[in-house]
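Reading through the structure tokens given below for one structure.
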Amino acid sequence: MAPGSELACAISGSTRLYGIFGHPITHSLSPLMQTFAFQHHHLDCLYVPFPVQPGHLPQALTGAIALGICGLNVTIPHKEAILPLLDDVSPEAEFIGAVNTVDIRDGRTIGYNTDGTGFLMPLQELPLSFAGTPALVLGAGGASRAVTMALLQAGCPELTLCNRTPERAHRLSGDLRERFPQARINCVPFEHAAAAARSHILMVNTTAVGLHPGDPQLLPETALRPEHVVYDIVYRPMHTELLQAAKQRGATIVLGIEMLIGQGAEAFRIWTDHTFPTAAIRNLVYPLI
Ligand code: NAP
């Protein structure tokens, strides 16, 4: 029996329906987390995974509205494709170019991207002042757009971007400068990441490196120090090689799974205005990674 499957589940005529659109969808942890949170707050709500084929998104969304579904999470391959189908999108989702949460009220669909808020949540538990902390961000893909925007919104004064494909980092830094003209944003070549680490406290990996055994080493162990805070948003495996090295060198580490839980918390807040039972959800999902 999967953890959480023993949760009570009562459906009534007034049960509110939520769900997730994706393909494939079987490995998503969202049904477990959201179901647990609904039941924790005794909310008459149900959360269902919907395996929506890539070509079926418009019909699925129209169907969800027609059926009175109240909210959706959206994952691969629909996060970008859903944007033009929505009535409104948040400034974050617009900047990132992807939506992972939809709120449906009175037939109107509003798209959000909760990556940035989810990313910040575990950092807010640390004795770290964003205003005094320059950040080194490895990667310039979709997740990096969310992370860098969130850091600048939180008051980070200086960002250094480091991406394998330099053009992508330059494009992102240009977009960020337009929105945050007061921030100092630099791009450094990927091979200079270790040198850049010396002048930063917070380091974030937003690349996909670390997902697979045999992936290249992102930073040599010697670049890591006890005063560093190293955050790897890759969450499978939970302790990536980067995090293992950082821990060995005495640095503070932040696990990518915490960002995933944070995203779920923000979606739950948007839909219900309730707080996520984060500690209990941690106990539920950590053993599944
Ligand atoms: P993406 O848009 O495809 O971007 C991938 C990034 O990884 C790019 O910066 C890419 O560099 C870099 N990269 C890939 N392989 C590399 C390699 N071998 N060496 C150096 N750089 C490499 O993907 P994404 O949506 O940003 O997601 C990135 C990672 O974040 C994924 O592992 C994803 O699972 C994770 N993520 C986690 C959470 C969470 O909640 N914890 C949320 C979102 C994403 P180039 O530009 O040079 O290709």
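Here the Cβ of each residue, glycine as well, is placed from N, Cα and C on the backbone.
Nobody curates TrEMBL annotations by hand; they come from automatic prediction.
With Ser28, Leu29, Ser30, Thr75, Asn100, Asp115, Tyr235 listed by TrEMBL as binding shikimate, the candidate from Gln53, Gln217, Gln263 annotated for that site turns out to be Gln263.
TrEMBL lists Gly139, Ala140, Gly141, Gly142, Ala143, Asn163, Arg164, Thr165, Pro166, Glu167, Arg168, Gly256 as binding NADP(+), and of Ile185, Ile233, Ile281 the one it places in that same site is Ile233. Measuring Cα to Cα from Tyr235 (shikimate binding site), the binding-site residues that fall within 10 Å are Gly256, out of Arg164, Pro166, Gly256. Among the recorded positions Lys79, Gly139, Gly141, Pro166, the residue whose Cα lies closest in space to that of Gln263 (shikimate binding site) is Lys79. With a cut-off of 8 Å between CB atoms and residues at least 6 apart in sequence, the same chain places Phe190, Thr207 near Arg164 (NADP(+) binding site), listed in sequence order.
Taken together, the residues in the domain 'Shikimate dehydrogenase substrate binding N-terminal' (20-102) have a mean pLDDT of 98 on the 0 to 100 scale. Residue annotation for shikimate gives Ser28, Leu29, Ser30, Thr75, Asn100, Asp115, Tyr235, Gln263. The furthest Cα pair among them is separated by 17 Å. According to DSSP, the domain 'Shikimate dehydrogenase substrate binding N-terminal' (20-102) comprises 33 helix, 18 strand, 32 coil.
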